[in-house]
Amino acid sequence: MAGHNKWKQIKVKKGVLDKKRSALFSKLLKAITVAARDEEKPEFNPRLKAALERAKQSNVPQENIERAIKKVRERAQSLEEITIEAYGPGGAAVIIEAITDNRNRTVQEIKLMLKNNGGRIAEPGATSWAFEKNGEEWRPKFKQELGNGDKEKTEKLLATLEELEDVQKVYTNLP
């Protein structure tokens, strides 16, 4: 009776959950590392404080958080933040924020995802006019309506982009 082993079923479910949790932890710890470069004490660094709160809400172990901050202390991390502007299917404006140790690799991965899902990279400033920066987040100034086909493609594109390890946030001007 193949496939009826109880442990195998548990292992499969646990493996999927562990993979998602690991990816989330990686994103949160990268955000902490980048924020800690400015100032290591959260009481003087609101960005670090916000990143720590998000990590604690997601149950990131305290030991991992301390290790991420310690890395910054020991040596300057080569992580950098990048913001990429793009157009999705139907001309939807998209802003992608990422934290990476290799800018070229991350840009190429994002370009590939955009190309495979009907989007394209835009010049800097080409889509940011449709958004306003509100603290740490981008909020759309104008909402853009799309047809059903384009809306589905755009939602698929956004989901695909958010799965990339280096991508932190994806913003769009869809309602």
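Including glycine, each Cβ sits where the backbone N, Cα and C put it.
Per TrEMBL, the feature domain 'TACO1/YebC-like N-terminal' maps to 5-73. When averaged over the domain 'TACO1/YebC-like N-terminal' (5-73), pLDDT in the model lands at 87.
Marked as domain 'TACO1/YebC-like second and third' by TrEMBL: 79-135 (among others). Helix, strand and coil counts from DSSP across the domain 'TACO1/YebC-like second and third' (79-135) read 20 helix, 22 strand, 15 coil.
Annotation comment: TrEMBL describes 137-174 (among others) as domain 'TACO1/YebC-like second and third'.
Across the domain 'TACO1/YebC-like N-terminal' (5-73), DSSP helix (H, G, I), strand (E, B) and coil residues number 58 helix, 0 strand, 11 coil.
Residues 23, 26-27, 30-31, 88-100, 106, 109-110, 113-114, 116-119, 127-131 of the same chain lie 6 or more positions beyond the ends of the domain 'TACO1/YebC-like second and third' (137-174) yet place their CB under 8 Å from a CB of it.
Using DSSP to sort the residues of the domain 'TACO1/YebC-like second and third' (137-174) gives these counts of helix, strand and coil: 16 helix, 10 strand, 12 coil.
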